[in-house]
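For reference, Swiss-Prot has these:
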BINDING   GLY10, LEU11, ASP12, GLY13, SER14, GLY15, LYS16, THR17  ATP binding site
Amino acid sequence: MNNRFIVVEGLDGSGKTTIVHKIVKYFYNQKITNVITTHEPGGTEIAYILSELIKNKSKNEKLTDLSELLMLYAARSQLLENVIKPALFKGDWVIGDRCDLSSFAYQGAGRKLNSVLLNMLSQYVINDFFPKLIFYLDIPSELVLSRIKNRKVLDRIEQESLSFFNRVRSYYRKLAFLKENIIMIDASQPLEQVCVFIYRYLDQWLCDLYK
């Protein structure tokens, strides 16, 4: 069922949302119109509420790293069970902006949370229901910070340090070399070149998928 589940991953400011829309356009050009998009954290009413709690600083209370992780997995569970699985069960394609991998990179490598806890949460919530294909948009952390600083409002995570984003990026890159379903792309290139690479890859990938 997850053959139709594709995700775009990467640091904040790497261009994930743009690429998700470009992939949807690619599918439409291939006459595949039963496509939905998702964004983590969010995508359902409850997941959106959790997303707001995660992203916005409280005036009177500090959100702990553990609470952040638990809320992310709660939001992910809501999205997976209420949106992603039902869509895939119907035969739709799902193009996601982030997935379980983000927590391993951001909360695991970035926040330095316990890997045993992360694996346990992933097993219970995801239960090996992973995307068939992940495009990881690789971009230097310095470029990320220069891009996101131009945004009007930065959320809690976007305000993190260069060393934090370096740890997150290192984890993404390491995993991309180890996992066959993670395709690493140099996202510091012009958008047109990134899209050409993705379209060519999808051409071959879809051909192999439907052999």
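Backbone N, Cα and C define each Cβ position, glycine as well.
Shown here: features listed in Swiss-Prot, placed on the structure.
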residue : record           : Cβ within 10 Å
GLY10   : ATP binding site : 27
LEU11   : ATP binding site : 29
ASP12   : ATP binding site : 19
GLY13   : ATP binding site : 21
SER14   : ATP binding site : 26
GLY15   : ATP binding site : 19
LYS16   : ATP binding site : 23
THR17   : ATP binding site : 13
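One way to see the shell of the ATP site is to take the Cβ centroid of GLY10, LEU11, ASP12, GLY13, SER14, GLY15, LYS16, THR17; the remaining same-chain residues with a Cβ within 8 Å of it are LEU137, ILE139, VAL144, ALA187.
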